Amino acid sequence: MTRWARVSTTYNKRPLPATSWEDMKKGSFEGTSQNLPKRKQLEANRLSLKNDAPQAKHKKNKKKKEYLNEDVNGFMEYLRQNSQMVHNGQIIATDSEEVREEIAVALKKDSRREGRRLKRQAAKKNAMVCFHCRKPGHGIADCPAALENQDMGTGICYRCGSTEHEITKCKAKVDPALGEFPFAKCFVCGEMGHLSRSCPDNPKGLYADGGGCKLCGSVEHLKKDCPESQNSERMVTVGRWAKGMSADYEEILDVPKPQKPKTKIPKVVNF
């Protein structure tokens, strides 16, 4: 058996060196320009010049022409012509007398409402009485005499002395020997440790015009802060179990008020 030596095809398919873009452009235009007519040859030359131009240069943006009329598509004129207002199912033009009257009435009501609001603010401010100088029109936080006096301690927490929060938001625990409010100064006696409402020299306490708590009669707190009402609400009373009582028995705490029987009046018919 005879064997023939053959050259493998893998050695024939070797990669050639890469062609540069300039050689490719020259070769493509030279090969195609010979077979093309003159007109197409000129177009090919123009394309080659455009491609060779540097890409960094951009065309300058042309300035837009200024419009003489701002209403380009006529939309503003359309709105002016069709400006109408629907009132009670009837179409009324916005420049009619009825619409003008309604606008005037609405503005008048608005001005009156604003005037009443300012009057309420002025009345509330005049009713406020300063605890330090006893003058109306401002509170102790805005009192000029209290701000000048550094011993008053305005703008601080009366319980812990912090300037970052008020006494209503304070959660600090204080020694009872120092008093309820160690950093507070009484307006009546001028001593530290208590407020004017709990001062022994102030018989009226929290009620400057007289009176007291409606539940216990104290002058040191309001009715909403009365300890008796808070204790009575928290107390829970449990009834006793009697012999023969049902397991589903529920005690009714609120006793219904007895209703008065209505007396029927005889109806008289006159002919």
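Placed from the backbone N, Cα and C atoms, the Cβ positions cover glycine too.
Lifted from Swiss-Prot, the feature list:
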REGION    1-40  region 'Disordered'
MOD_RES   Ser48  phosphoserine
ZN_FING   128-145  zinc finger
ZN_FING   155-172  zinc finger
ZN_FING   184-201  zinc finger
ZN_FING   211-228  zinc finger
Other parts of the chain folded back onto the zinc finger (155-172), taken as Cβ under 8 Å at six or more residues beyond its ends: 141, 180-184, 195
Residue distribution over DSSP helix, strand and coil in the zinc finger (184-201): 3 helix, 4 strand, 11 coil
Helix, strand and coil counts within the zinc finger (211-228) (DSSP): 2 helix, 0 strand, 16 coil
Tally of DSSP helical, extended and coil residues in the zinc finger (155-172): 3 helix, 0 strand, 15 coil
Average model confidence [pLDDT] within the zinc finger (128-145): 76
